[in-house]
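Before any comments, here is the structure.
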Amino acid sequence: MNINSTEQPSPWLNSSTWPSVRSSGIGMSCFTMTFGAVSNLTALGILAKSHVRFQRQSKAHFLLLTVALLLADLGGHVIPGAFALYLHMDPGYKMQAETPTIFCQIFGASMVFFGLCPLLFGCVMAMERCVAVTQPFFHAAMITVTHVRRVVLFLSSLAFMLAVLPLFAMGTYTTQFPGTWCFLPIHRSLSTADTYLALAFSCLGLTALTLSLFSNILTGLALLQARMKLKNMMTQLAVITVVSCVCWSPFLIHILVMQINQSLRFSNDGQDGFTLLSLRMASWNQILDPWVYILLRRVVDHVALLLWTKINNLYYMCLDK
């Protein structure tokens with residue numbers, strides 16, 4: 001894919017600081033890739049052993065969405081992680097600013113795809129539980145496992161289509177500081193399509209987080225009012241939503257602000273340490289997902305039960321008054 005030839009290379013492309021930045025980041029890349037992959041594989045293994053308990057119709061949807069989320073998280077660590085690790089370990093490989101290689105294009109596409117999928121799947125999980133709690137009869141009669149599979153396929157296709165658009169000359173992927181990852185242009189959009197793609201990625205991710213938060217609030221209120229005892233899934237969804245918001249919001253909001261505010265986009269010539277920091281925060285979401293859902297489920301449930309009891313007692317004390 002060719003980029004507009006009038007675009008000048010970013011100043012940091014030939015910077016002497018590259019070796020130090022790469023050497024300082026290779027340890028973090030290895031750790032997050034290995035720890036994330038092991039965590040998700042362990043969670044999938046535990047889920048496979050206990051799949052009989054989830055065969056009830058009421059939990060089958062949640063099981064399918066959980067598996068989809070864990071697989072997306074696993075792929076998000078292994079595939080982009082392998083690309084990043086290769087760049088860290090091969091300092092002789094030069095990423096081109098004016099003509100990104102197919103390597104950079106595929107790297108960027110994998111970043112977009114595996115970034116959006118967990119956010120979209122987490123949103124659907126929250127909405128599915130919200131419908132199951134607030135409209136149980138509608139949920140039992142109308143929502144089937146087949147419907148959930150179609151939704152997962154649709155969301156995966158949506159993320160895939162957005163990710164591959166730059167491969168068909170509708171936008172492009174460019175090298176990002178410090179030259180060890182590729183993504184949609186954040187600081188210097190080369191065309192209107194680049195700006196729209198970055199805005200689409202940011203807005204889609206923020207919308208998924210907002211819907212997850214809203215759905216969990218409705219579910220929590222319904223459980224509180226009905227004194228329902230089915231709180232374990234709700235607890236996991238609430239915690240994972242908070243984790244997703246904390247991990248992803250800085251990166252998504254930063255992209256949104258950079259696309260809207262032209263003065264910020266050109267102020268640092270792409271040498272933005274906050275972008276790299278927020279990306280690393282986002283990568284931790286895919287590490288924490290399996291721990292919240294599976295590995296630390298008992299601890300999370302125990303702590304949440306204590307908090308839930310206190311909130312429940314306080315709520316009914318206020319009603320009595």
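Think of each number as a place in line: the chain as shown, counted from 1.
Any Cβ shown, glycine's included, is placed from N, Cα and C.
Some features that TrEMBL has for this protein:
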{"type": "DOMAIN", "residues": "39-293", "note": "domain 'G-protein coupled receptors family 1 profile'"}
{"type": "TRANSMEM", "residues": "26-48", "note": "transmembrane segment"}
{"type": "TRANSMEM", "residues": "60-86", "note": "transmembrane segment"}
{"type": "TRANSMEM", "residues": "106-127", "note": "transmembrane segment"}
{"type": "TRANSMEM", "residues": "148-169", "note": "transmembrane segment"}
{"type": "TRANSMEM", "residues": "196-224", "note": "transmembrane segment"}
{"type": "TRANSMEM", "residues": "236-257", "note": "transmembrane segment"}
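Put simply, of 106-127, 148-169, 196-224, 236-257, the stretch with the most CB pairs closer than 8 A to the transmembrane segment (60-86) is 106-127. Between the transmembrane segment (236-257) and the transmembrane segment (148-169), fewer than three CB pairs separated by 6 or more residues in sequence fall under 8 Å, so the two stretches do not touch. Taking Cβ pairs closer than 8 Å, the transmembrane segment (26-48) reaches residues 54, 63, 66-67, 70-71, 73-74, 76-78, 81-82, 84-85, 88-89, 180, 280, 283-284, 286-287, 289-291, 293-295 in its own chain, all 6 or more past its ends. Here the transmembrane segment (106-127) has Cβ contacts under 8 Å with residues 62, 65-66, 68-69, 72-73, 75-76, 79-80, 83-84, 148, 151-152, 155-156, 158-160, 162-164, 166-167, 173-174, 181-184, 201, 204-205, 208-209, 211-213, 215-216, 219, 237, 240-241, 244, 248, 282, 285-286, 289 of the same chain, all six or more residues outside its ends.
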